[in-house]
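*Asks:* So TrEMBL lists these for the protein:
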type	residues	note
REGION	1-25	region 'Disordered'
TRANSMEM	72-94	transmembrane segment
DOMAIN	110-582	domain 'Glycoside hydrolase family 9'
ACT_SITE	His512	active site
ACT_SITE	Asp560	active site
ACT_SITE	Glu569	active site
Amino acid sequence: MYGRDPWGGPLEINTTDSATDDDRSRNLQDLDRAALSRPLDETQQSWLLGPTEQKKKKKYVDLGCIIVSRKIFVWTVGTLLVSGFLAGFITLIVKTVPRHHHRHAPPDNYTLALHKALMFFNAQRSGKLPKHNNVSWRGNSGLQDGKSDPSVLMKDLVGGYYDAGDAIKFNFPKSFALTMLSWSVIEYSAKYEAAGELNHVKEIIKWGTDYLLKTFNNTADTIDRIAAQVGVGDTSGGSTPNDHYCWMRPEDIDYPRPVYECHSCSDLAAEMAAALASASIVFKDSKAYSQKLVHGAQTLFKFARDQRGRYSAGGSDAAIFYNSSSYWDEFVWGGSWLYFATGNSSFLQLATHPKLAKHAGAFWGGPDYGVLSWDNKLPAAQVLLSRLRLFLSPGYPYEEILSTFHNQTSIIMCSFLPVFTSFNRTKGGLIQLNHGRPQPLQYVVNAAFLAAVYSDYLDAADTPGWYCGPNFYSTDVLREFSKTQIDYILGKNPRKMSYVVGFGNHYPKHVHHRGASIPKNNVKYSCKGGWKWRDTTKPNLNTLMGAMVAGPDKHDGFRDVRTNYNYTEPTLAGNAGLVAALVALSGDGSAGIDKNTIFSAVPPMFPTPPPPPAPWKP
């Protein structure tokens, strides 16, 4: 008979064996010893050992799928519990302790000044003001402009901007200011956006272009007149009330405001065309308005070409304040912007025509060569067309003049550097672009913008610099020139005075400006009644925020006197150049120009190559 041996082997029991009990006992003991000679597992040992002895021997823990040492198991579980407790404790501390957020770097001075410089345009608005104009001492004004003059064709001339400290609306410098603002938005929209001012500056531009569209028949293809000016500034006629003789708030004006129409004004029409064409690129996402601006620009440019003449000729009122020296530079300037706005190559052919360049003064020097102003647009046109050559390189038949303009732009940039003697500098470092004549800052800010934007063009074209004769200068030199000039205007000058109202702690308090000097107290001061506010030595009652005054003299001297407009009067054209320069210099330097937006309407320079031939088949 065979039985199952619990120790792992067969157990044979012979039932027929008649051995005695003692023999059987001895045989079993032999079998037990044989079985115990084999190693026993833990379960088998537990059958044999008593409870006390089993407890002493149990050094392992059976986890079902694995058996581990009890000591390791205890240490592991303990470590996990302690770690969990510490993690929870640390998390509790982190959540209860106040957090210190990293603050963004404060805005740079150029961005801070930009906010203020744009506010000047809000203070200069004419017409029915929007609710968000944010200049508490201004109100609706000029609501009868155009309607009160029966001799003019355009009856609705409400709106636009007053030029300076008076209430005259000059289209010529205003159009230049709008073109400069649009150019700066096209190049630096990302910087305006970062500063939170993109919508604001676009609103400023649109307020101006809406008015320009009122000054001619913008729905026609051909026109014969433009309303060039509203208001009169000539005081040679004696005591006749007008915008210069009287010192009144614009809201209180009750004297006649005549309108000047021009029928032969190529310079004005071409500059207005530049303003509308450049603005059409700014508003390219508003298709209907952009097309309206383009159509108006083309109508104006055609009028400029058909009816030749200077708008300020013949001793007009404008000749006293904004006399135009020629219209050839406006042809180059306006033609360039119309090319970018339409992509029509005929405008580029005109802008790069050698005879036009010659008439515009591109091939002769002179003391004012390279000085951008409301009168001379050639330096800006040369920079703008150099941009075209740098990025699109249209080649023949434009290359000859484009190359010339590019070289001349390099020469202009060289003239801005201190190592050259084209222009003197004051002891404080201000470049004398108008050779010591009054009101220098409007020319300085324009040069600062040209230098900054041209350096950004070179950087975007992966060009590290440019040559002045045999010497190579990096783009950093141009940017440094721009910064030193703008820094001077913002307060780094011998007088430690900021020439931008509201910027810094020390700035002009007696700005030559009617609205800023007269209180808004429900009292209407008459034409001569306001003279007491003009002549008082007390500071202006209202702050003309962001206004850049005319500036210091050639000795860094400045007289903060309201009656001396050569020191203390701001202008639209001057502030537009300031805004353009400030936005070009603002930010941390990581954002450059927008290379492509200006070319949105420009077709490919070369025809698309034909498709490859079909594969040959036998």
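Placed from the backbone N, Cα and C atoms, the Cβ positions cover glycine too.
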*Asks:* For the C-alpha pair, I'd like the distance in angstrom between Glu569 (active site) and Asp560 (active site), rounded off.
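*Replies:* Pair distance, Cα basis, whole Å: 10 Å.
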*Asks:* Residues with Cβ closer than 8 Å to the Cβ of His512 (active site), same chain and 6+ apart in sequence?
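*Replies:* Listed in sequence order, they are Ala164, Gly165, Val549, Arg562, Thr563, Asn564, Tyr565, Thr568, Glu569, Pro570.
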*Asks:* Which has the fewest other CB atoms in a 10 Å radius around its CB: Asp560, Glu569, the listed active-site residues?
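*Replies:* Counting other Cβ atoms within 10 Å of each of the active-site residues Asp560, Glu569, the minimum falls on Asp560.
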*Asks:* Find the average pLDDT over the domain 'Glycoside hydrolase family 9' (110-582) in the predicted model and report it.
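*Replies:* When the pLDDT values over the domain 'Glycoside hydrolase family 9' (110-582) are averaged, the result is 96.
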